[in-house]
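Q: Take this structure first; my questions come after.
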Amino acid sequence: MKPYQRQFIEFALSKQVLKFGEFTLKSGRKSPYFFNAGLFNTGRDLALLGRFYAEALVDSGIEFDLLFGPAYKGIPIATTTAVALAEHHDLDLPYCFNRKEAKDHGEGGNLVGSALQGRVMLVDDVITAGTAIRESMEIIQANGATLAGVLISLDRQERGRGEISAIQEVERDYNCKVISIITLKDLIAYLEGKPEMAEHLAAVKAYREEFGV
């Protein structure tokens with residue numbers, strides 16, 4: 001695990017974005033941990049979040065021309081990632097996002113920001129069922145752009161309805177790489193170094209045995 005990944009886990013724990021316990025997911029599964037990126041909700045949180053996203057992007061080595069943040073959660077993520085890339089990596093790249101509702105005055109259409117063209121890096125918080133990605137792909141393709149990759153904060157590395165994860169489905173269906181700041185594997189590695197969190201480690205490992213990919 002790289003230093004920025006460890007720092008991201010500690011940041012998420014400090015903001016209670018990442019919690020351990022027993023949680024019922026939308027799928028009905030009982031999970032020993034929960035991740036709610038909506039709790040990154042202050043200026044400082046966003047500034048830090050952008051740095052972690054930018055670090056993961058640069059680390060991935062994937063080449064892209066533009067950041068796209070799907071409405072609504074992807075909008076602040078794309079914005080802060082663009083700022084962090086410019087400030088900390090000297091990469092001044094365009095970004096844009098979509099509106100859920102098209103506008104009939106002012107800037108036309110359902111896109112805000114830079115023109116959606118070239119190789120697009122889609123940034124979002126998590127992929128649960130992959131629905132937001134599929135909707136975004138329609139927008140990207142309609143504008144003649146291509147998907148370079150997808151960046152999210154956490155890859156839960158668990159099966160969807162079938163034998164593979166929603167992330168693996170996205171990679172298969174769109175022939176692109178999905179990268180994440182951290183994965184379930186990183187989370188387990190972090191817990192292994194924290195003896196005081198042994199009960200959480202056991203629960204997370206048991207969950208991975210049952211639902212992991």
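Cβ coordinates come from backbone N, Cα and C, glycine included.
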Q: Looking at the orotate binding annotation from Swiss-Prot, with F34, F35, T128 already listed, which candidate in R44, R51, R156 is the matching residue?
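A: Record source Swiss-Prot; matching candidate: R156.
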Q: For a quick check of understanding: given the listed orotate-binding residues F34, F35, T128, R156, what is the maximum Cα-Cα distance in angstrom, as an integer?
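A: Among the residues the record ties to orotate, max Cα distance equals 12 Å.
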Q: Within 8 Å of the Cβ centroid of the orotate site residues F34, F35, T128, R156, which other residues of the same chain have their Cβ?
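A: Here the non-site neighbours turn out to be L25, S31, Y33, N36, V126, L154.
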Q: Using a 10 Å radius around each Cβ and all protein chains in view, which of these binding-site residues has the most neighbours: T128, T131?
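A: It comes out as T128.
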Q: Among all protein chains shown, how many Cβ atoms are found within 10 Å of the Cβ of K100 (5-phospho-alpha-D-ribose 1-diphosphate binding site), not counting that one?
A: 9
Q: Using DSSP and collapsing to three states, where does D125 (5-phospho-alpha-D-ribose 1-diphosphate binding site) fall: helix, strand or coil?
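A: It is coil.
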